[in-house]
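Copied over from Swiss-Prot:
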- 1-25: signal peptide (SIGNAL)
- 31: site 'Greasy slide, important in sugar transport' (SITE)
- 66: site 'Greasy slide, important in sugar transport' (SITE)
- 99: site 'Greasy slide, important in sugar transport' (SITE)
- 143: site 'Important in sugar transport' (SITE)
- 252: site 'Greasy slide, important in sugar transport' (SITE)
- 393: site 'Greasy slide, important in sugar transport' (SITE)
- 451: site 'Greasy slide, important in sugar transport' (SITE)
């Protein structure tokens, strides 16, 4: 009995330590993909993306190892009030060797405080670097509303008919502004901070199982005293977004309309661009005529329209389906815009709750505003997959795949040595372009993908 009693304080201490450790447990989340692939004509796996398109169909068409490792913890809680600390470090390498060193990207480091304002119950205030309410199409890895970066804001203010969120974030351009010396020449180039102010109203009930989200983003270049933007720079711009989400067939459909102006048109997702520098080069035509191109990447004046429909649904016990259809038109005053439309489907047939076959078919068509020519690409992937569950979203997954791509490109961006301009040219231009011409290729390999 004496021995048992002597052991009791130790047991209590151990139990208390275990409970304390559980109470302070760190949340571990993340995403990763990696694999190996080959190309039919030889060499490592190639990936296929139409020139001028902002994304590609990703199944069996990813050529890098990428990972995001998220660590977070609720560090304080009292009643319904709490503070949460969140971090995210990301890595990307070419998956060519065992040892591939890279500089990590510190993508998130923020604190979120919930229910801290008595008269705004349910709201969250936050500050730091953050992935902020991102909207994307998973099938093509395309982010159409994403103002992520260092920032601060308040979100989920309950208005009764919807929830209001306000945020300010920053995305900096290298070499975006300059000052003058006494001789009126460029004296010093300085990075330009582009600020974005974001207002969103979400959760607006429109119909049974349907909700609407509305958003306005204003982006502007914020120059340092003593510096000025390059002449003609796109100093600011707006983006307006309306997204309707319909819950259906054990999944969802999202219909999106977006309009952007000037500095908000380049990326078209809510981050300002257009204060960057400029360069020039000369093209010599076959008849000896020389044309000088001023590659003024500072000029994004114009507008962008985007109409997008995408979703993921279940078609019964054995079938799931992802799909996307999008039209995007960037019309710039400098005639360097593009018209891009894409359509694709990814059906999944489930042989068992953990084994499936996937087929992804995607088509891209991109027209150059400058040349009037079009680039197009078909891409088809067949994959056999083993995944942790019977949903098209189930991960981790291990898949083996074969991919075929066929493209016919009539234009490319003009190249001057290793530098690629935003100026477009037909494939028979006097200066080489990065157009891929008319060809096809196939690849095969294996890949893992996981999120948790």
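Just so it is clear, glycine is given a Cβ too, placed from its N, Cα and C backbone atoms.
Cβ-based crowding with a 10 Å cutoff singles out 66 as the top-ranked of the recorded sites 66, 99. In this structure, residue 393 (site 'Greasy slide, important in sugar transport') belongs to neither helix nor strand by DSSP; it is coil. Checked against residue 66 (site 'Greasy slide, important in sugar transport') by C-alpha proximity, the recorded sites 31, 99, 451 yield 31 as the nearest. On a Cα basis, residue 252 (site 'Greasy slide, important in sugar transport') lies 20 Å away from residue 451 (site 'Greasy slide, important in sugar transport'). Put simply, 393 is the one of the recorded sites 31, 99, 143, 393 whose Cα lies nearest to the Cα of residue 252 (site 'Greasy slide, important in sugar transport'). Comparing CA positions across the recorded sites 31, 143, 393, the one lying closest to residue 99 (site 'Greasy slide, important in sugar transport') turns out to be 31. Look at the Cβ of each of the recorded sites 143, 252, 393 and count the other Cβ atoms within 10 Å; the largest number goes with 143. The recorded sites in question are 31, 451, and the one with the fewest Cβ neighbours inside 10 Å is 451. Note: the CA-CA distance between residue 143 (site 'Important in sugar transport') and residue 31 (site 'Greasy slide, important in sugar transport') rounds to 16 Å.
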